[in-house]
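Quick notes on the structure that follows.
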Amino acid sequence: MNLRPEEISSIIKQQIERYDSAVEVVDVGTVIQVGDGIARVHGLEKAMSGELLEFPGGIYGMAMNLEEDNIGCIILGKFTEIREGDQVKRTGRIVEVPVGEAMIGRVVNALGQPIDGKGEIKTDKFRPIENTAPGVVYRKSVHEPLQTGLKSIDAIVPIGRGQRELIIGDRQTGKTAVAVDTIINQKGKDVICIYVAVGQKASTVAGVVKTLADHGAMDYSIVVSATASEPAPMLYIAPYSGCAMGEEFMYNGKHVLIIYDDLTKQAAAYRELSLLLKRPPGREAYPGDVFYLHSRLLERAAKLSPDLGSGSMTALPIIETQAGDVSAYIPTNVISITDGQIFLETDLFNAGFRPAINVGISVSRVGGSAQIKAMKQVAGQLRLDLAQYRELAAFAQFGSDLDKITQMRLTRGERMMEILKQKQYEPMVVEEQVVVLYAAVKGFLDDIPVDKIKSFEEDYLRTMRTTKADLLAKIRTEKALNDELNAEIEKAITEVKEGFLG
């Protein structure tokens, strides 16, 4: 093969023209100390607060403390694989998680990586875990109900789409059960549910996932898990990751329900990180910005205005108290951020009243605007009767000679408390709740023995679902009670009662 000299020179010229002399400039630092999920890095003068940093071996960290001569950063992964002297690169980005439809039905860790053994998640959408909450002008007042399927909540402390309602109580009072029941009740209601498990045992999270799968709820749910065995940084970012996944749907006009189970453990993880980063401790050794930790998370839940697509994100944060002390630091913080709270009590739980909701001190600051009119019509009387019952029950312990009216109110109150009991994983549709509570508030249960109330309720609902299905359908479509519907309900109750009492 003969090459002419002019050809050789033209090839060399082309190669010279193609040569790219650009140099990639990377800001690099050095690890000077590492341990307990924290690394101190020297040499990254231009790093920003919250910036994602890259360690060797594909491990990432997040800059938290920007000090004069070094950076304190939290390590999002196995910190045991990082050594002193390792190089650290800036990325110029903040922590992002994968989002979108591909996440539904999956169990992921705090970084959005799958941990359910079902293969990788195919999505090209990512969102930063920290995001500004929608402003006042971009919100609409909460007006659509989000049904939990639990009579005591839907009637007395109703939750609306876009609301933040705290679930608070001691350990083993059924807080997670209320949240899981609410997720199960969203089936067929076009609501995407996100369950964020923070600091739970891996076996507990596996149990929740199995329950959701058994009830067909994983078809519209995402589970974000940061278990107790994971480093504190993962527990700290997990709620923000779950929130970012929810925001993707909310800003696309969809409705989202997100459960943070529980924020007490997130606060403890943040306290651990803050103390390791040598930040000054405050009350109960929490850092000064622990209020901001929760407020910036919960403020991202909203009901958006029609201009932004009318989507919503409803948040149900869970807080665990110690011996019923709701005046501790974290419980008071979260109570002041949220739009109401559902108190669960150990005494009620142990007495067999489940869900163990104290309807006296549980409140919803959204109130009746998050209820259909039919529920509002029966719930108003229910709330009043229960308040009178609690007051009279306290006095009745001291005296036996009670007048007839007092006796009647106590009788009705006992039956109302009984009718509010509900089995786990058996959420009830709103029209069935209305007809059951109607029977209680109108005094139809007064002459039925308390121990027979639950079996009467079962008979009554069986009749309603079979022979009176059209009546339930009317309540569902009209969403309000009128004289005609009231008469039909009363007729049905009387018929069932005659058969029940013989």
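Backbone N, Cα and C atoms are what each Cβ position is placed from, and that goes for glycine too.
Noted in Swiss-Prot for the protein shown:
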BINDING   Gly169, Asp170, Arg171, Gln172, Thr173, Gly174, Lys175, Thr176  ATP binding site
SITE      Ser362  site 'Required for activity'
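Features per Swiss-Prot, on structure.
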residue: Gly169; record: ATP binding site; Cβ neighbours (10 Å): 26
residue: Asp170; record: ATP binding site; Cβ neighbours (10 Å): 18
residue: Arg171; record: ATP binding site; Cβ neighbours (10 Å): 11
residue: Gln172; record: ATP binding site; Cβ neighbours (10 Å): 13
residue: Thr173; record: ATP binding site; Cβ neighbours (10 Å): 26
residue: Gly174; record: ATP binding site; Cβ neighbours (10 Å): 20
residue: Lys175; record: ATP binding site; Cβ neighbours (10 Å): 25
residue: Thr176; record: ATP binding site; Cβ neighbours (10 Å): 21
residue: Ser362; record: site 'Required for activity'; Cβ neighbours (10 Å): 21
Can you tell me the three-state DSSP label for Asp170 (ATP binding site)? coil
At the Cα level, what's the spacing in Å between Ser362 (site 'Required for activity') and Gly169 (ATP binding site), rounded? 11
Inside 8 A of the center formed by the CB atoms of Gly169, Asp170, Arg171, Gln172, Thr173, Gly174, Lys175, Thr176, which other residues of the chain have their CB, for the recorded ATP site? Glu320, Leu344, Thr346, Phe349, Ala356
Three-state secondary structure, Ser362 (site 'Required for activity') (per DSSP): coil
